[in-house]
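In TrEMBL this protein carries:
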| type | residues | note |
| --- | --- | --- |
| ACT_SITE | B:111 | active site, charge relay system |
| ACT_SITE | B:186 | active site, charge relay system |
| ACT_SITE | B:210 | active site, acyl-ester intermediate |
| DOMAIN | B:54-509 | domain 'Amidase' |
Ligand SMILES: [Zn+2]
């Protein structure tokens, strides 16, 4: 029987189809990109050590995604986060004698959704197995997981890197996706960990909460690539609505395997597992630190000191520290779970699920690109499915794409940030924003007025037209009205008129300012300039 | 300590092996047909001959009187039982006789590995000493819904691991036929209690013969239903893919009624079947109305491999052969059938069952329930709790199972045994296409002496040879007393095992009923008089 860590045991046996096709299409995306979270980056995928050898890192990631189902995987306890300790427990998830698991159908549905989104091969028949080990937070003494027949395998994920770090498209292989249950949580007194604490308490609210474990091929080469892989996975689960993907709460947990090897060498180096990163930025920094540490050891001829172990990322000291050796690999004594029948799916079910999938981030980005948006805009808009949905609705009204993007990424997102609200929490409808943009475009109001009335739209849910009418803010585009205003200003300022006509043409700005002042800034600027010049120059 | 003035009641004489039919003719007049204790209770309730309280009091008196000798109960719930009986009487006095459940007022015992919310449930293990589950097992729940009066929890081999009930952490149960002998196991407490008249019937569980072998040892009827027929929810798991909840009774009709109540799909057990539950008792008619050849056309197959074994004692083989003759008398055909893979079942069972057990028993760690031993750190607390909590047989099986599932051994043991299991299933399927029911002894011998096999686990395991294959194949099996072997003061009972196809309980019960009602022998355990 093999052990559970399979990710880096062999060079990827299955070249996934995207390498040839998708990358050829998207690899040289060069427009400026945007990163919401990355401060610094190692943009090169290899490190030249002092001994002249060029090293490359090999990175594989195992991600646990906590599913947002209403109830746990094998019982009917609520699976919400943040309740009183042991408030959401029952004989099944407490592992009481005689209790039996019953699979929550939603877990399978979510598993199929993610598997499809990752372009995986779905096993129409898969099974559950028991992964056995003793730990106080594991009530049954085993975790119900999937071992040799997972629900999906052989997929891939498309990632667009932020362009300020070199940009480009990557496609990483997905080894497998499988369903399993989470363990409980330990709360320690007198120490950070079980060993060394004076007492520990067990909270089983999380025990039995469903997880999908996504195992990547060892195909990432930098901390940036790994962080972007994880960010894309988070985007996928959020788009699919199967998890909140929250890393701080632990709804998405990444265990990263890192090894280094001289570039060109096919064998892998000794891999080190890193845990305890609760943001993408931390992931990137932890991995880059670990690569540096390993390359430095190699460089100093101390490569043998790289041990197969688990290291923890310490946010405080910005480094990884050794947690436990993995040399005597655990034997989990997997065997088929006799309490659960096989999971069988029909092709019809899979097809129907496929048909119901929303447009996913990569497809969205490709579509936005084809609309002529810059890569930076594309990445920002497609980052959040709610923002993307809002944008899509706005442009669905036939609104100018670039203007819609600018408004959403500019004033709208600034206001949301300030108010600490999500786009779904405002009263502004996509239709109202579309109308606002159209009113500016057709000259009914100026862009400046548009910005002024936006908060009104966001807070009170009025339409742009209503706001303008209520405040009398519509633009004056009636030539006769403007002409009379200009005439009045000319009549009131004979000196300036004389100076202008004497060659001081810069005074044009003075007259524009005067007209704007009396009109409250509502005069159509283009029309005003045309009329003003014709009057002054006659 | 115990006075053992045994009195042979109206027993049938030990039949001479070669003259069963003659004996039957001679004894026809003295033979009392086994009656359904459950049905009798119902009739006396409905006719107002006795109240439920009177019935329960009667059973409790017998239970208490015989318990010091038999020690079949780990917990006696006299007070609650009387309260439950009062409820039945109240229902009756309010004229609610029509709503009377199938088991209204029937005092029953429940094996201690079935969870009961109002009684401790220890599974016969020290590691669950004093444990009271917060819920009822589905089978228990269904008994209660049918109006049963639960008198207590019966003794058993720790977590079902054993064939003599001597592996109980609490007490050794005696066989009511001979107090110096074991009642069989692991449902030995249930079987002994029914045989001693301490309750009207009982629930047991059967992983490798744990209902059938004690039924045979104690001269009562034991029914191991098909896998999936009865919910396992609330049954402390020993080997999940083999465990079945079943019933023990004084007659076939009693086990049919009990099965009727506990069978059916349960949303809490994904391995419970959606197969419809037939009316098992409907076809169990009084034999007076049957023709002289009521089994004409029925084909029985006697499993050759269970009769050829050197280990099968002569008395047992003779009783089974005599039973076969009796079936032929009733018009059935009995042929010898070979199951080539039969002997592979026992070793496969002793890999698969301990493998699953090693996993199922991992939850007994002292963290959430049961006694917790002291330890310097958590892993030693686990270790100490388990070292103190589990008995030697359980430890032996956990070690065997852990070994069989370990890296490097999985393919040679667990996987190979699963392959054997498939072959055994095929063997049974093929055989059951040629015959309707397979016959075999239940165990190589009748009840043996307490302590006789305790130091020799292997010989204890060999005793499971004839029963484990049925669990590997998931088939239903009915054990009916069929003869008396030499031993004890008045002889020792021997059971006949009748194996049918999956969900074939209905036919098994019908045939078993006819067999039982027409066999001119009585199987009343010698009554104790102190
Ligand atoms: Zn629960």
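Heads up, residue numbers simply count up from 1 along the chain you see.
Using the three backbone atoms N, Cα and C, a Cβ is placed for every residue, glycine included.
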Using the alpha carbons only, what distance in Å do you get between residue B:111 (active site, charge relay system) and residue B:186 (active site, charge relay system) once rounded?
9
Distance between the residue listed as 'active site, acyl-ester intermediate' and residue B:186 (active site, charge relay system) at the Cα atoms, whole Å?
5
Specify the secondary structure state of residue B:210 (active site, acyl-ester intermediate) as given by DSSP, simplified to three classes.
coil
Just jot down the residues in the same chain as residue B:186 (active site, charge relay system), at least 6 apart in sequence, with C-beta under 8 A of its C-beta; none if empty.
B:124, B:156, B:157, B:160, B:161, B:162, B:163, B:165, B:167, B:205, B:207, B:210, B:214
Residue B:111 (active site, charge relay system) CB neighbourhood, other CB atoms within 10 A:
35
Confidence summary for the domain 'Amidase' (B:54-509), mean pLDDT rounded:
96
With every protein chain in view, how many other Cβ atoms are within 10 Å of the Cβ of residue B:210 (active site, acyl-ester intermediate)?
37
According to DSSP, collapsed to three classes, what secondary structure does residue B:111 (active site, charge relay system) have?
strand
